[in-house]
Amino acid sequence: MDFQHRPGGKTGSGGVASASESNRDRRERLRQLALETIDINKDPYFMKNHLGSYECKLCLTLHNNEGSYLAHTQGKKHQTNLARRAAKEAKEAPAQPAPEKVKVEVKKFVKIGRPGYKVTKQRDPETGQQSLLFQVRAGFKLSLSEFSRCHCC
């Protein structure tokens, strides 16, 4: 009798993998493929919580490992939530017009120039008395208002 074409009957085949083993193998292959193509750190919905598990902020789902999260991102629930979010943002975007730049007028000041006088505090070395020395530029008139601004002592 020929056992060659029966499942698990081939010599040295090790038998047929169980459903759980084949699922585990498939999940591992998907995880490896997704890790090669997707950078988790750039995913705006990916978050690692304080317990060490992974969360999808879009779908509010918890995942034990990165492979589970990556499989979730390829799934129906995540894809429909992405589409729903994109539609919502597209709907809200035209309602808000781009803000126009407000032109602020720059205040223009009249430059007066250098003051016509210089005030220096002095101390007499012999008596220790303080005084003010006013040095006025030639052709400059001091009024009483200039003196009243200098209430240093």
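Counting starts with 1 at the first residue shown.
Placed from the backbone N, Cα and C atoms, the Cβ positions cover glycine too.
Feature annotations, reproduced from TrEMBL:
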- 1-27: region 'Disordered' (REGION)
- 54-84: domain 'Matrin-type' (DOMAIN)
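Per DSSP, the secondary structure of the domain 'Matrin-type' (54-84) breaks down as 17 helix, 6 strand, 8 coil.
Confidence across the domain 'Matrin-type' (54-84), taken as the mean pLDDT and rounded to a whole number, stands at 89.
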